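Colleague: Dropping the structure in here first, questions after.
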């Protein structure tokens, strides 16, 4: 009989909770944690309704049963516990949010011992409910309001990126629920809140479900589907669009693995969404492609925001290319984004060119450092398709070794070098040089030692090696090699 009465009295609440429980099996857009916490909240609400019915039954006793204060205390504590669970559904409880458990933890001994301490409430021997004559009699409600307020703060922090209509639905549910509780307090009406909790839970779950379906699961940014929807719904408020492309994601995936690539995307996304607020929405619209919509902001703000993003990116190993376009009220989003894309590609090319120049400069600096350490220098020669020498180049390191400053001082001509060979070595060295060019088998390697007159007139001993590169038909293509000063320990002439 009591079970049937319970089922009839809580029919709506039970139908909502059972429906929600079944709905969670298809919650493909939600995380496992969200689904697990939601199931726990469902169990807590159901438990609260059962305990309420039991507590209501104990009121009919002529004398106090110890079960009644325990049931009442548990119900008072279940209300904030349910609120904590609802906050946790949105992944709102992290390590830095653990403080949220402190008020409930402190309240557990206060409320459970109140029957004997008379701090908040107690029951008389003839089973009459009493409260302390101070603000402490409202303590259970204050505790509930605290967690309702915490939920509101969490919603503001975590869902400010979504449209006002989506936020309004949740805030309406929250405010409406609080108003119901306040009215019960003012009118001193004692009732079961399980149905109210169940209705609020369903609305909040649907809100999470809808908004999670708009999010990219890897980065937490809004996804491509949301990008297209927002480009239409929020068109009147969009004042600028930006196109962003992450550089070298494929290289990261290929060399370091996809886990490193995922971590890179997450780091870049945090930078793009840095201090976003309601001024902009950031979307991941492709593998390494992102878009930003700015709302009612001028060009100075957009430029400043992009610079702020670049500053955040500079703290990471990752680089992005940017392009933005201010958009008029009559201009289409697609055409504005196309223009932003073109600017982004130009920026990407400029970054690549700068990187190539930087890499080349680093390589050149490394080569110079090596040659300086080895006391050596490079030389190179090019040939046309007929095998005629058309270019000679002496490296700056070689010029420096022999006391010259630049090309005007030591021209890029073969004679600049050959005229300074020692008379006793010149014929042998040039023959070796020409024989290597004439060896179409490509087996011969230029490798000689000789004495050479440097700028100040001194004779120094050099070891020269070179390799001839040929075309497919055997005709010389280029002749490259290196000089090494071996005067110390070698037989240099006076």
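Sequential numbering from 1, following the chain as shown.
Heads up, the Cβ atoms here are built off N, Cα and C, so glycines get one too.
Features from TrEMBL:
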DOMAIN    237-364  domain 'GGDEF'
DOMAIN    363-440  domain 'PAS'
DOMAIN    446-494  domain 'PAC'
TRANSMEM  6-24  transmembrane segment
TRANSMEM  36-54  transmembrane segment
TRANSMEM  66-87  transmembrane segment
TRANSMEM  99-118  transmembrane segment
TRANSMEM  138-157  transmembrane segment
TRANSMEM  169-187  transmembrane segment
TRANSMEM  193-212  transmembrane segment
Colleague: Given a Cβ distance threshold of under 8 angstroms, which distant residues of the chain, six or more beyond its ends, lie next to the transmembrane segment (6-24)?
Modeller: 30, 35, 38-39, 42, 45-46, 49-50, 53, 192, 194-195, 198-199, 201-202, 205
Colleague: Determine how many residues of the domain 'GGDEF' (237-364) DSSP places in helix, in strand and in coil.
Modeller: 71 helix, 28 strand, 29 coil
Colleague: Counting each residue once, how many in the domain 'PAC' (446-494) are helix, strand and coil under DSSP?
Modeller: 0 helix, 30 strand, 19 coil
